[in-house]
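Visitor: Got a structure here, written out as structure tokens. Questions coming.
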Amino acid sequence: MYAYKMGRVPELVICSFIVVSLLVIHFFSDLLRASLGGYYNQDVTLSQLVESQSSDYAWFLKLLVNCFGYSCVFVPGFLIYKYVGRINYLERGNKTFLHKAINMCITGNSGYDQLDAGSSTADKDRPAASTAPKRTSSQEAVQLLWCFGGLMISYLTWGVLQEKIMTQNYLNFTGESAKFKDSQFLVFSNRLLAFLVALAYLQWQPSPVRHRAPLYKYSYASFSNIMSAWFQYEALKFVNFPTQVLAKSCKIIPVMLMGKIMSKAKYESYEYVTALLISLGMIFFMSGSSDSSKASGVTTLTGIFLLSMYMVFDSFTANWQGSLFKGYGMTPLQMMCGVNLFSSIFTGASLSMQGGFMDSLAFATEHPKFVFDMVVLSVCSAVGQLFIYHTIDVFGPVVFTIIMTLRQAVAIMLSCFIYQHSISLLGIFGVLIVFVAIFLRVYCTQRLRAIRKRAEANKPKMAV
Ligand SMILES: Nc1ncnc2c1ncn2[C@@H]1O[C@H](COP(=O)(O)OS(=O)(=O)O)[C@@H](OP(=O)(O)O)[C@H]1O
């Protein structure tokens, strides 16, 4: 009995880490709430208090509050990681749920569910990229078109719905109209649905693939993805929309730089030249399309800082995902499941700490049409993510970013076509530059591949 009780000590310590960290973080958030004037008014949520701040630095306060929410996951996670390593907890043979869950998070294997399909002998390892059969050029072109089409359709629909949800008035049962305000709740519902879809598929897939990556590695991609989305929304309060679109057209350059820093990626000179040309062409096109000439408002230093942070986090996300695919050979669905698991936990923790959960759920119960739009938005986002992970897995982060950048141009061209807006000569020149750059990139890639193939074929002859 004593030994049994002693055997449970680590589990008790681990649970108390979670409880104590949550209490401490809650205490600090209450302190912040009180200092913002919410001490005497308990009906006002922390998010409403922060939203009501009008100073130039309100964005920093919001960031702080969000980070409080995310630390509800990071702090206990870090403490558990350190404690478990210290007492060699994972080497012990007790197969409790907690033991399996921690093992899965830290080492990547628990034999517990389909995310870690390593327990079953029927599970296969995914062939490494180097040993997988090489695709022909036409197969590659079909794949590329498939990724481009999928990303275009899902994110065009997603964009329209997102704007609709955030700008339209919804009627409740008594006929009163109101706007939905909490974008973080939308991100939460999108990520939760994406997680459930991926998990359901992994549970019932006919031939599971062994999963080897420690789960905590997904938390970095999910954190940076949530942060980039937040910086993007927040930047719009300091820069106008066209400026943001213009800045995003140059995303390929930070993605390449981040690839160099993170995974020491080597790019050919034609890749740098074409990246610069695509960015330049997109800038010409965006400034030359009449949609973007409706610029209003001012661009401030804070806006530039927030946009730069968006770029940093966004380029980290795609590169980190690319290196996980390379290093662990997981399937896109496993990646989607892992990243969205953490994104749901992060946004869920942040929402419940700020009190936004209850507000949004109350809005949803009173506005059924909003629930319908939210579900369709989440489905679009989940389908879009399937394409995102497939594209990064097959073509890598740079090609993915090029496709997402072109997506913006196609969306603007479509809107010009539908609403009969004109495109200036500069805009047309910009589109031409982008096309030339892409053609150049494909041509150089094919040539380089042919040269390498020839060199490979000549190798054995030289050895004889
Ligand atoms: N690498 C990666 N992994 C997972 N999800 C990703 C990734 N890159 C972009 N996204 C999601 O795609 C949505 C559009 O993002 P962006 O506006 O940054 O893309 S774009 O380049 O401007 O088109 C946006 O969705 P929301 O966060 O729901 O707004 C991004 O989070």
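Each residue, glycine too, has its Cβ placed from N, Cα and C.
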Visitor: Of the ranges 86-104, 333-351, 352-370, which one does TrEMBL flag as transmembrane segment?
Guide: 333-351
Visitor: By a Cβ-Cβ criterion of under 8 Å, what residues six or more beyond either terminus of the transmembrane segment (12-29) are in contact with it?
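Guide: For the transmembrane segment (12-29), the nonlocal Cβ contacts are 46, 65, 68, 71-72, 75-76, 79-80, 83-84, 98, 102, 353-354.
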Visitor: Contact between the transmembrane segment (333-351) and the transmembrane segment (398-420) is defined here as three or more C-beta pairs under 8 Å separated by at least 6 residues; is that satisfied?
Guide: no
Visitor: Cβ pairs under 8 Å with the transmembrane segment (371-389): which stretch of 144-161, 185-202, 333-351, 426-444 has the most?
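Guide: The stretch with the most close Cβ contacts to the transmembrane segment (371-389) is 144-161.
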Visitor: Please identify the stretch among 144-161, 185-202, 333-351 with the greatest number of Cβ pairs below 8 Å relative to the transmembrane segment (57-81).
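Guide: Looking only at 144-161, 185-202, 333-351, the most contacts with the transmembrane segment (57-81) come from 333-351.
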